[in-house]
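Enquirer: Structure in C-alpha cells, see below.
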Amino acid sequence: MQVPSTAEKLAVLGVLGFPLLSFLLLFLLGRRLPRQGDWLSVSAMALSAVAAGFLFFRVWGHTPLQAQLKWFSVPLLNGGALAFNTGIYLDNLTVAMLLLVTFISLLVQVFSMSYMHGEVLYARYFSYLSLFTTCMLALLLADNLLVLFMCWELVGFLSYLLIGFWYHRRAAAQASNKAFLINRIGDVGLLWGLLAVFLLFQTFDMQTILATAEAGGVSRDLLLLAGFGLLAGAMGKSAQFPLQVWLPDAMQGPTPVSALIHAATMVAAGVYLLARLFPLFLPEVLTTMAFVGAITAVIGALAATMQYDLKKVLAFSTISQLGYMVMGIGVGTPDAALFHLFTHAFFKASLFLNAGIIIHAVKHAWGHHSKRILFEAPIDPQDLRNMGGLRKVMPLTFLCYLVASAALVGLPFFSGFLSKDALLLASWQWALAADGELSFKMLVPLMVFATVLFTAYYMLRQIIFVFLGKARLGAPLRYFRQTARQEAPFLMLGPVLVLSGLSLWFFYAPVPWSMEGSWFLPGLTTAMERFVSLSVVDHSSWVGLAALIMVVAGGNLAWFTQRIIVKKKEGREQTGWRKLLACQFYQDDFYRRGIVFLTLKIASLAQGTDHKINYLLHGWGKGTVAFSKLTAWGDRWVVDGAVYSIGWLSRGVGWLGKNLQNGNIQSYYLFSLLGLLLLFLWLLL
C-alpha cells in the first residue's frame, strides 16, 4: 500500500471538489446564470469524470493508495485517548466506481439539459444532482466507516429531495416520504452493525478492521450481529426483500433521476458496502444474504411481468438485478457481483433514458393531436397501452432499447451475458458445495435461473407494447417525432447511444461468450483476492446454454401471449393472480394495513387511553383542589372562628369582672340587691 502522490491527491480533490463547487454556485446564484447554470453543472461533472479517469489509469492494476489524517480523539477514563482517523483508499474497485459514477452522472446531466428544460426549479434540479453525486463519490472514497455512514445518510436525504422534486404532486411527495422512511429502517440496522464493529475492533478504519478480521480471534457473537446489521443497511439502500417496496414508487421523480439512482448511485451503495466489507460476514450471514438476493430477484421479475407502467417495469427489473448482485456476494463471489453492477449500470441507465425519450414522445404526440379535445381525461404517457408502433418513427430509440434489453436479458454478444452467467455459475457451484446434493441451498440457483426466464418475458413484452404493432394512442405516428427530420433532441439521443454502445461485450472481454482474456473482471478479482475463495472467471458452457434456453423460452412465451393480449386490447383492470404478481404478493398492502394501520390503530387506542387517564387525573386533581379549598374555609371560619370566639368571650367576661371591681360603693350595693333579687326569684320559682 502506497501514499498517493501530489497529482493523485489533486485528482481526488477534483473528483469531489468540482461537483461540490457546482452545487454551491447553482444553489446560491443558479437563477442569475445563463441557462440557469446547467452548463456549469455539466462542465463540473465533466472535469470530475476526467479526474476520475486519471485516477483510474494511475491505480488500476497497481498497488492500492491510502492517505490518512487525524480526525479527532476522545479522552478515556484511564487518562488515555481514543484517536479517530479518516482518509481515502484507492484500489481497483474504488477507481472503477469513481469513473462509473462520474461518467453516468455526466450523461444524465447532459440528457437533463433537454429533458428538464423549462422546469421552474431548473437550477435547483442541477444543484441537487451535483450534490447527490458528490455524496456518492465521498462514500466511495471513504476509508472510515463513520464517514461512510455520514455520506450514506446524505445520499439518502438527497434521494428524498430528488424523488420528491415535483413535490406539488401528491404521489411524488408520498413516494419520497416512503423512500426516506423505509431506508431509515435499514439504516437502524446499519447503525447497530457499525456499533458492533466498533466494539469488536475499537476503530472505524476499514483497512484495519479487514486486516484484524482476517487474522481472526474476534467475538463470534458480535461479528454475527455486525454482519446482520450491515446486511440490513444494504437491504434498505439496495431495495432487497422485504424492504424493496420503496423503489417502484420512486419512479415519481424525473426520469433522469431514476436513471442515476438505479444505475450508479443510491442502489449501488448497498452492494458496494457488502462487497467492501465481505470478510466480516460469517457463513450464516452469507447464506441469509444469498437467499435474500435470490428471493428479491424472483419477486422483482414476477412483479415486472404484470406492470403497465413503462418506468415501473424497469424499476422492478432493477430490484431483480440487485437481487442477483446480493446473491452473488452471498455465495462468495463479490467480484462477479461487482462486475454485474458495472454492466447493469450502463444498460439500465440506457433503458431509463430511453424511457424518458419515449415518455417525451408520447407527451409530444398527445399535445399535437388534433383530436385530443374529444377526450375528457388526460392520458398517462407512461402507460404501455398508450404506445405501439414506435419503431417506425423512432428507429434509433428502438435500436438502443433493443441493445440494452438484450444486455439485461443476457444474450450473447452483450455485457449482461458475461456478468449474469458468472453469477449463475457461482450460485450453482455454491449449492453443490453444500452437504448433500439435495441441500436446501439448491433453491438459490433454481430461483435465479427462473428469474432469467421471467426477465426475458417482461422485456420482450415491453418491447411489443412500445415498439411493435400499431399505435394505440390515436395520434398519427409522425407526431411522436420531435421534428420531421429528428426523432428526439440530440442531447437526449447522444447519451443513450453511448450507454447502449457500452452494453456490448467487447468493452469487457474479447470473446462474447467467455471471460477468457478479460481485463475487467480479473481487475475486480484482484481487489477482492484476499477474500474470494471461488473463482468464476471461467464460464461453464452448460450454464450459458441453460440460461440461453431460459431466455428463448421466456421470449417465446412473451411473443405468443402478448401479441394476443395486445390484439384483444386488454382491459385496464387486473384481477386474480395477475394482480397478485403486480402487487408483489400484496406486500405493500400488508405493510400498509398490517403494520402501518395496526400501528396507527394501537397509537389511536393508546391516545384514547391516555386521554382517559388524563381525565381521571385531572378529575382527581380538581377534586383535590376543591377539597383543599373546603378545608381552608373550615380552618379559617370554623376552627379559627371558634378559637377567636372563645378568646372574645373570655375577654368580655374578664371585662365584666373587671367592671364589678371598680371601687364604687354604690355599684357594690346595686350588684348586691340584684343578686338578692335573683336569689329570691330562683327560690320562688
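Every residue gets a Cβ built from N, Cα and C, even glycine.
Annotations in TrEMBL come from automatic prediction, not curation.
According to TrEMBL, the feature domain 'NADH-Ubiquinone oxidoreductase (complex I) chain 5 N-terminal' maps to 79-126. The domain 'NADH:quinone oxidoreductase/Mrp antiporter transmembrane' feature in TrEMBL is assigned to 142-432. What TrEMBL lists as transmembrane segment is 12-33, 96-115, 122-141, 147-167, 179-202, 222-247, 259-279, 285-306, 313-331, 438-460, 488-508, 668-684 (among others).
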Enquirer: Residues sitting near the transmembrane segment (488-508): Cβ under 8 Å, six or more positions beyond its termini, same chain?
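Expert: Same-chain contacts beyond the ends: 104, 107-108, 110-111, 113-115, 339, 343, 346-347, 349-350, 353-354, 356-357, 360-361, 394, 396-397, 399-400, 403-404, 406-407, 412-419, 481-482, 515, 518-521.
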Enquirer: When each of 122-141, 179-202, 222-247, 285-306 is checked against the transmembrane segment (259-279) for Cβ pairs under 8 Å, which one has the most?
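Expert: Between the candidates 122-141, 179-202, 222-247, 285-306, the best contact partner of the transmembrane segment (259-279) is 222-247.
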Enquirer: Would you kindly list the residues that approach the transmembrane segment (285-306) from elsewhere in its chain, counting only those six or more residues past its ends and only Cβ-Cβ distances under 8 Å?
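Expert: Beyond its ends, the transmembrane segment (285-306) has Cβ neighbours at 224, 227-228, 231, 235, 239-241, 244, 248, 274, 312-313, 316-332, 427, 430, 441, 443-444, 447-448, 450-451, 454-455, 457-458, 461, 574, 578-579, 581-585.
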Enquirer: Determine which residues of the chain contact the transmembrane segment (222-247) at the Cβ level, with the cut-off under 8 Å and only residues 6 or more beyond its ends counted.
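Expert: Distant Cβ neighbours of the transmembrane segment (222-247) are 152, 155-156, 175, 178-179, 182-197, 199-200, 213, 262, 266-271, 273-274, 277, 280-282, 284-285, 288-289, 292-293, 295-296, 299-300, 315, 318-319, 322-323, 325-326, 584, 587-588, 591.
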Enquirer: In the same chain, who gets a Cβ under 8 Å from the transmembrane segment (179-202) while lying at least 6 residues past its ends?
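Expert: Counting only partners 6 or more residues beyond its ends, the transmembrane segment (179-202) has Cβ contacts under 8 Å with 82, 145-146, 149, 152-153, 156-157, 159-160, 163, 208-209, 212-213, 218-219, 222-223, 225-237, 243, 245-247, 249-250, 280.
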